[in-house]
Amino acid sequence: MSNFVGVLVSDPWLQNQFTQVELRGLKSKFLSTKRESGHVIVGDLPPLMGKLKGLKDVVTEQEIAGILAESYAETSHELDFESFLQAYLNLQARVAEKSGEMKNSSSFLKATTTTLLHTINESEKASYVAHINSYLGEDSFLKKYLPLDPASNELFNLVRDGVLLCKLINVAVPGTIDERAINTKGVLNPWERNENHTLCLNSAKAIGCTVVNIGTQDLIEGRPHLVLGLISQIIKIQLLADLNLKKTPQLIELVDDSKDMEELMSLGPEKLLLKWMNFHLKKAGYKKTVTNFSSDVKDGEAYAYLLNALAPEHSSPAVLDTKDPNERAKIVLEQAEKLDCKRYLSEKDIVEGSPNLNLAFVAQIFQHRNGLSTDTKSISLSQMMPDDIQVSRDERAFRLWINSLGIATYVNNLFEDVRNGWVLLEVLDKVSPGLVNWKHATKPPIKMPFRKVENCNQIIKIGKELNFSLINVAGNDIVQGNKKLILAYLWQLMRFNILKLLKNLRYHSQGKEISDVDILNWANSKVKGSARTPQMESFKDKNLSYGIFLLELLSAVKPRTVNWKLVTTGESDEEKKLNATYIITVARKLGCSVFLLPEDIIEVNQKMILTLTASIMYWSLQQTGENFEPSEEDSVSQTAPSDGDGSAVAESISDLAIDDAASDTSQSENGNSTIGG
């Protein structure tokens, strides 16, 4: 769990230019440089700054030295930490000014925070406040604070205790957080606020938000640009929730035949919304193609055609006849209100091309009237498509895990997005830097098919070096989209990652390999002597479905974290669901970043039970000084039988890794395999 004190800077303005995550990273680099020579001077900055965010691969060390020379006459001038931060800001500003990077991005899911500009868009703030007032106005706890005044800073004050953001996440994706675990008393102490924000950030990651540069202290301080950035992502996830074939099978109407289905499946919600919009615009006779929610919609003409096509009963010739963009935007909004669309933007926002608000506006139109077929053969074709369209729980968990790592590429559809190999190379490099030979990798867009195979061959090669079970498997299996193989590889990679993290806690493990059986034994040692539940025999012990063992484990690593008055016996399906939801929420509140669903606990999905238990173990060992001694047994690499048939072997490998015979450990079994040995 993040410490609520954080890195403090004496200059409030300077403090507000950085997130706590950024400050901790910069402080670490500053101190590391200082330890080498006892001080940090201007001459130390070019090689150091050249590796920092916003400067790396954009400006050379010589150029950095030149810019610094304008402010410092001597390279021997000594710098303190605040001067170091100021120099970094000045360099970023100069580089941004030079390259024109001050423009805002329209992609909300990859809208990571920046230290260059922290201006607040008042229109966006007003829109988000209206959304909160509308959806949370009747909440039993928040109603005494709502409605908020969009012209004030009430929003940033209200988010400081973490309750509002947790509730908003549940509005976006119902059931994500068990609200019984939110600290909601009148006045919260610093630890309780920190728990709420830890729960918020881990839950935000679990619904697909990018929160790499946000820490709990940033939310406790109510830092406007970070708060609005997070709220923007949460709201848009809610608004775009139906932009997929599972929720809206009628979207299959956007493609002419099954050959285009692959492309449709690979589109993220934002691009799918654009495809839907252009589908109707083309039918309505609009000659242009809308490629963004900013410059392409500023004149309001696309909206006029779209609403005329979807709601002719509310259309008016005046909307196309008028030459004034402001007047046209006004008529467009009046038409949209007749469809009960919430007013997420003003005429000014349309004319100025506000990307976030225009996207929200089009999403509202889609929700209220998508104009697609309701009873045609298209829907039956969608239902006849392979089950791969129905996103599996494993696909969801691995996709969210990948996106939580903070890699450059955002994954919308796991099975499609990994086929060129680039995403998996990014993940491998993030999990274990130095594994990937980037000289032999090709970055998308990739036109030549053999380049994709080369990327994927390197993925398989690295997997074998990590002792993954990949007998008779080639990179082309990933290129071809072998779903079982992709899930099998990612499961082994996820397990390698958590075991590596545990191993790296050397003061606990002495650098020894950690195995599944070590995690099992650790969990049983923590719950030992409980009168409520027996020991866990394996990670697929059916008794785990009741939830009691996992709750006892959470209670053991942090006393009083579980409110036993809320816990059921787990006898009925409903009681199991309540316990499972509570377990996941308490784990995230504790500080565990986990991506499983209640069903994974109820059905005892051993992969997810293992990762949950390992995450709790990792958190516990980080927080405490307890001694942990890994077992002395030799790790056994995963192997798969070879039968001479590539596809059959791939199938058996997938079954091994997914069904996880290796995870079926018990206290009497000591030969469990260790991934990443």
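Cβ atoms are placed via backbone N, Cα and C, with glycine included.
TrEMBL entries are annotated by machine, without manual review.
Positions annotated as domain 'Calponin-homology (CH)' by TrEMBL: 122-239 (among others).
Confidence over the domain 'Calponin-homology (CH)' (267-370), given as mean pLDDT on the 0 to 100 scale, stands at 91. Annotation source TrEMBL lists domain 'Calponin-homology (CH)' at 267-370 (among others).
Per TrEMBL, the feature domain 'Calponin-homology (CH)' maps to 392-498 (among others). Broken down by DSSP into helix, strand and coil, the domain 'Calponin-homology (CH)' (392-498) contains 67 helix, 0 strand, 40 coil.
Sorting each residue of the domain 'Calponin-homology (CH)' (513-621) by its DSSP state yields 69 helix, 0 strand, 40 coil. The domain 'Calponin-homology (CH)' annotation in TrEMBL covers 513-621 (among others).
Residues or ranges marked as region 'Disordered' in TrEMBL: 627-651 (among others).
Summarising the annotation, TrEMBL assigns region 'Disordered' to 658-677 (among others).
Among the features that TrEMBL reports, compositional bias 'Polar residues' is placed at 667-677.
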